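A.B. asks: The structure under discussion is supplied below as C-alpha cells; questions concerning it will follow.
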Amino acid sequence: MGSAKISLPLYERISLKSSIKNAFDIIILTLLLSILLYRLLSLTNHGFSWVLAFLCELWFTFCWLMIMNIKWSRVRYKTYQDRLLQRVAELPPVDVFVTTADPVLEPPIITINTVLSLLAVDYPAHKLACYVSDDGCSPLILYSLIQASNFAKQWIPFCKKYNIQLRAPFRYFSNRNYSTSSRENSKEFLQEWKLVKDEYEKLRHKIENAAQKPTPCELSGEFEAFADIERRNHPTIIKVIWENKERLSGGLPHLIYISREKHPKHPHHYKAGAMNVLTRVSGLMTNAPYMLNVDCDMHANNPKLFLHAMCFLLNSKGQNDLAFVQFPQIFYDGLKDDPFGNQLVVLFEYMGKGAAGLQGAFYAGTGCFHRRKVIYGASPYDKQTRRPKSTAINENMTGEELVQVFGSSKEFVETAADALKEQPADHAQGIRKSIEAAYQVAGCRYEYGSRWGSKAGWIYGSTSEDIQTGLSIHARGWKSVIYFPEPPAFLGCAPTSGPDSLTQQKRWATGLLEILISKNCPIIHTLFGNLQFRQCLAYLYLLFWGFCSIPELCYAILPAYCLITNSNFLPKLEETACYIPIALFVIFNLYNLQEYIATSQSIKAWWNNQRMGRIISTSAWLFGVIRMILKLLGISETVFEVTQKDQFATDDDNDGVDARAGRFTFDKSPIFVPVTTILLVQLTSLAIGLLGLRPPADGGQGSGPLEIVCSVWLVLCLWPFLKGMIGKGKYGIPLSTMSKSSALALTFVYLCRRSTQMG
C-alpha cells in the first residue's frame, strides 16, 4: 500500500479539448480562406484597395492559424499536496527574488506587502531566503524593509497560528468579506487581530511619512552607503536585514537587500541584469536548487503556492525535463469591466493553457518557479541516450570551463558546479561569510568575459527579457507548465490609466520584435535547436504582435479611403460574396464574446477589450515597430520604461473612489497621434459619404453600405478618443496632439482626392 502511494503522481494533466470550439475555429478559417479566394479570382476587376485588403486578410489568416495551433492544445493541471508531504521527507530550499526599480512609480508600501506575503507562506522558514533587488538604489526601500522585518516577527506567527489565508497585510486588513471561523471570533483572536492591525498601521504611516522626506532617515550606520551617491552611478550595496541563524522552521526567513553597482559607461541590461545579480548573490549565500521571482507588486495570495509548485518540480514522472512552473498574472481590485483591456483573463485562459499543451507555457517574468541549474544554462537529458541534449553547459565541466561561463569568482564557480550537479548547499557558517564575494559578483564589470546574458542566466538583448529567457530554455529542450490554483497564487495591480497601459504595450511590442530579429528567433531554434515546431508557432504569435500594427492600420484606413475615393474593398450587397465578410464579422465576434462569458467576464468587458485591441494595435504596437526601426538604423536605443504602480487605498479611501476611474486619460505623448488621426479620417470620410460629396465611381465599383458600416464600427471602437476631443484637462486630447492629427488627416484626404483625379 505504501509503495502504491509513492508511485502516485503529484499532479495530473487534464485535456480541455472542445469539439464545438474547434468546429467554430474551422468555420472562421474557412471564411477567411473563402474571402482570400474570392479576392484572388476578382483581382483584375478592382484596384489598390482590393490588393491592400487581400494582403491584410492574408496576414489575419496566418495569425488565425497560429492562434488555432495554440488553442487546440489546451490543458489544465491538478496538484496533490497530500501526496507530496507523504513522499518528501524534507522540502527543498527556495530562493525568492523580488525586484523593484523606482520608489516613486513603485511605492515601497507595495513592495513590503509583497515581501511580507512571501515570508509568511506555508513553507519551512529555514528553507526560504528572500532577496530584494532595488534598481533605484533608494534608502527608502532599505528603510521600509527593515521596518517590515520588525513587523514580520508579529505578522508571520499570527498568520500561521490562525491559518490566515490573505497574507499580504493590506489585503487582509482591508478585506471586509474575509471568512471567519469560530476560532477567529474568539476573544483571544480579536485582541491579537487589533494588536497586529495597529502595528501594521504604524508601519504604513512610518513608510508614508519617510517617503515625504528628501531622505527617509539619517544616512549613517546601515544607511551610510547611500550618502553622496547617484541612482545611475553607485557602488554595490548589500545588506543582510535578517538571518535565520537558528534555522527555525517557524521563524523569519533570511531577508537580504541588494542594489547592484551601476556605472554610466557599463550597460546594466535593465531587469535581466538585476535578475542575474540576484542569481549570483543568492548562489553564494544560499544556493537553493529552486528560485521564485516576482515583481514588487505581485503579492502571494495563496499560502500553499510553494507546495503547489513543488508538486510539479519534485514529481518523479517528467521531473528531469520540467524547467519552470509559471503562475498566471491575476490582478486585484481591477477596474470594473476591464476598461483598458489589460487584465489578461482570456489571454491566460486560452492562450496560456494552450501553450501549456505544447512544449510548455511562456515565462511571464513574474510568479515563476525556476530550477537553478536551468537558469545556469543546463540542458535536459535525452530519454533515449540519457545524455544532455546540449553539452555546452553541464555538470561535467572543468574548473576552467566553469570560469569561462560563470566569471572569475572562485567562490561562485564552486557553488555553480554544485547547482549543476543538484548537490545540497552547505551554509552551516551562515550567509554573512559570503558578503565579500557577493560584492564582487554584483559589480558591473563582473560579467565581462563570461556567458552571462547569452548562455547563462536571464538573456540580454530585449526589453521583454522574460519571453527571451523562456524561449532560450525551451530551445534547449526543456518543458514548462502553467498552473491556476484556487485561490490564485499571486495577485498584482494592472495599469489604471490610458497612457500607462499603452506604455506597457509599447514596451512589450518593442521587446518582442527585438527577439524576432535576433539570433534568438524561434525559427532558428527550431531549425538548429530543440524547440518544437508547434511551440515555435506559439512564440511567433507573440513576437508578431508589433508587426500586426501594420495590417491593422492599413485595414483601419481602408473604409475611409474607399468612402473618400468612392471605391470599395468589400463585395457589393447584390453580390452573393457579401455574405462571407458579414458572416465572418458576426461569427468571430460571437465566438470572442463567448470566451469572455465563459471566463465570467461581462459583455462590457468584452467590448472594452475589443476597442482597446484596435487602439493598442494602431498606437502602442505601431510605436514598437518605429522604435525597432530606429534601433536598427542606429538612431536610438530602446529603453525599459517602468509603469506606474498605483498605491492601494485604505478602508477610509475606498469610500471616496473617483467615480471617473476607468475613463481614458491623455497626455502630450505622440503615442496618441495615430489613433486620433484615424478617428478624424473616419469622421471626415463619413461626412463625405453621407453628404454625397464622393467623386464619380470608376466602372460602377463605388463604395457601398458595408464601407459605411466599417467606418462607423471604427468610430465606436475609438469612442474614448471621440470623447477626448471634447474633454477637458487630463480627460481631453491635448491641442498639440489634435493639431498634428488634423494635419495628418487633411494630408490623407488630400492624397486620396489627388489619387482619384490622377486615376
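Placement of Cβ uses the backbone N, Cα and C atoms for every residue, glycine included.
Dumping what TrEMBL says about this protein:
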TRANSMEM  23-41  transmembrane segment
TRANSMEM  47-67  transmembrane segment
TRANSMEM  538-561  transmembrane segment
TRANSMEM  573-591  transmembrane segment
TRANSMEM  612-630  transmembrane segment
TRANSMEM  671-693  transmembrane segment
TRANSMEM  705-722  transmembrane segment
TRANSMEM  734-752  transmembrane segment
A.B. asks: Please indicate, using numbers and ranges, the residues of the same chain that are 6 or more beyond the transmembrane segment (538-561) and have a C-beta under 8 Å from a C-beta there.
C.D. replies: 49, 52-53, 55-56, 59-60, 63, 66-67, 69-70, 351, 354-355, 358, 362, 467, 471, 474, 508-510, 512-513, 515-516, 521-523, 531, 567, 569, 614, 617-618, 621-622, 624-625, 628, 674, 678, 681-682, 684-685, 707-708, 710-711, 714, 748, 752
A.B. asks: Counting a contact as 3 or more Cβ pairs under 8 Å, with residues at least 6 apart in sequence, do the transmembrane segment (705-722) and the transmembrane segment (573-591) touch?
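C.D. replies: These two segments touch.
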A.B. asks: Verify whether three or more Cβ pairs under 8 angstroms connect the transmembrane segment (573-591) with the transmembrane segment (23-41), leaving out any pair fewer than 6 apart in sequence.
C.D. replies: yes
